[in-house]
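Novice: Have a look at this one.
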Amino acid sequence: MSALLNVSDLNAWYGESHILHGVNMHVTEGETVCILGRNGMGKTTTLRSIMGLVRKRTGAITFAGQDVMAMPLHRTARAGLGFVPEERGIFASLSVDENLMLPPVVAPGGMTLDEIFQLFPNLLERRNSPGTKLSGGEQQMLAMARILRTGARCLLLDEPTEGLAPVIIDAIGAVLRELKSRGMTVVLVEQNFRFASKVADRFYVMDHGVMTHEFPVGELDARMGMLQETLGV
Amino acid sequence: MIFGIPLQAFLGQLLVGLINGSFYALLSLGLAVIFGLLRVINFAHGAQYMLGAFVAFLALKFLGVPYWGALVVAPLVVGAVGALIERTLLSRLYDLDHLYGMLFTFGLALAIEGSFRWYFGASGQPYATPKALTGVFNLGFMVLPIYRAWVIVASLVVCLAVWALIEKTRLGATLRAATENPSLVQSFGINVPMLLTLTYALGAGLAALAGVLAAPIYQVSPLMGSNIIIVVFAVVVVGGMGSIMGAIVTGYLLGIAEGLTKVFYPEASNIVIFVIMAIVLILRPAGLFGKEG
Ligand SMILES: Nc1ncnc2c1ncn2[C@@H]1O[C@H](COP(=O)(O)OP(=O)(O)O)[C@@H](O)[C@H]1O
Ligand SMILES: [Mg+2]
């Protein structure tokens, strides 16, 4: 079966600094794939390069059979990729509602507002407050919710649990399991290894701009030694 | 009598101040809209104001387009020219230091004003007040030329409409978001480069509209823009870059301040706005409505 998202020999640069050195990865439809790796190894850069936010890149990226590399930035979302950035990217000059409605619907099959408020009840209460008056957890939920509305087929999720309290992390885990049951494809970047082991089907380990290991969740215990060494957990 | 000044003179200058303030508000609004999204200080704004007046003048002279038609046609023409310039030239500078955008628009202003001056000469051409707006309202305590009342009302309506567009609509929310983080907004599937082009066209169109409104009052001359734009930049500095409501309110307030200075201390009326600018810069460098830091 051919993959929904295929990345091969991806190199990427910020100005003169060469960050990604030939990333290879694939994601099958409906799968939740997690990229592990220490700080500064290139996980965020990988997601930003797939999305087209990093423009200086070589290699091949295809999504649903389309060549994503050739698209201008505003076409990637229309192809079905949705990006939830590490810093969440909630707009201060927009209300919660305006933040939620900002990304245009790109395909049918996205969540309705009712479904979104069922999944994220906090957002309903705070619809009219300014985006940045939300707590960190609520901002993360808003950043995910606004993409789920659009009908994106694949979610690029960058460290959703970073800096959040355990109850909120559990809530986000529940959301990810709900998404999986709906058939959503997810590429998750995580440092929280325990969290990732509960939601991911397959793992990549990233080190200095390349994927060094790949294994399914079933092999997690057998890989503990290697993970402790490369991640320093 | 107010403070020993005849009421007539006081109200007369208040009116002159409001008229000038109407133009300051329209022009600084356009500058603020452009700066907010493009981060370019549009030095061509005065030239675009002048172009608006000239389009009205030439359209009447050669095509018989009346004032009311010019109010629509001139902003469209100047907006389209602005869009073309942004698309083909200005957009190439976004990756460089913002200084280049400023220098480019400054050079553009010199080129446009220079060619008009060469072709039309420096003297002003009269533009007749439209028939429906000639005459005066006699308010008892003063006479108010109808055209001047119209300018104040039209400017207020346009300023509030643009404010509502940006603060209250979905398109406005997209504009505000793109002001904060353009690449993230583009990654949502929104054509931000197109948004930048339209925004520049909107700013240029607003300047042109102000130019048409100004034509019957100030005459049509190649240097009309460079005379007013210096004051408008001072208005923008006082109001604070990037605040829409700030640009509008400051425009009217400084126009009125200038008018009233003419009553109380005429010698200072030409510099009062710059004195206020200096004081604001010392006490509140981000401007009255700007965000600190
Ligand atoms: N905007 C940038 N400009 C220059 N270097 C950057 C930029 N963003 C990240 N980097 C560098 O790229 C490398 C990879 O960063 P990143 O992809 O954010 O890592 P991770 O997400 O795995 O922590 C780091 O060395 C980081 O310093
Ligand atoms: Mg990161």
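Going from the start of the chain as shown, residues are counted 1 onward.
Heads up, the Cβ atoms here are built off N, Cα and C, so glycines get one too.
According to TrEMBL, the protein carries these features:
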TRANSMEM  B:23-41  transmembrane segment
TRANSMEM  B:53-78  transmembrane segment
TRANSMEM  B:98-120  transmembrane segment
TRANSMEM  B:141-166  transmembrane segment
TRANSMEM  B:194-218  transmembrane segment
TRANSMEM  B:230-257  transmembrane segment
TRANSMEM  B:263-283  transmembrane segment
Novice: Cβ pairs under 8 Å with the transmembrane segment (B:98-120): which stretch of B:23-41, B:53-78, B:141-166, B:194-218, B:230-257 has the most?
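Specialist: Stretch with maximum Cβ contacts: B:23-41.
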Novice: Quick one: find which recorded stretch in B:23-41, B:53-78, B:141-166 has the most Cβ pairs under 8 Å with the transmembrane segment (B:230-257).
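Specialist: Top-ranked stretch among B:23-41, B:53-78, B:141-166: B:23-41.
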Novice: Counting only residues 6 or more past its boundaries, what in the same chain has a CB within less than 8 Å of a CB in the transmembrane segment (B:141-166)?
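Specialist: Same-chain residues near the transmembrane segment (B:141-166) but 6 or more away: 7-8, 11-12, 15, 18-19, 22-23, 25-26, 29, 33, 129-130, 133-135, 172, 175-176, 202, 206, 209-210, 213, 216-217, 244-245, 248, 251.
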Novice: Other than its close neighbours in sequence, what residues sit by the transmembrane segment (B:263-283), given a CB gap under 8 Å and a spacing of at least six beyond its ends?
Specialist: 3, 5, 9-10, 13, 231, 234-235, 237-238, 254, 257
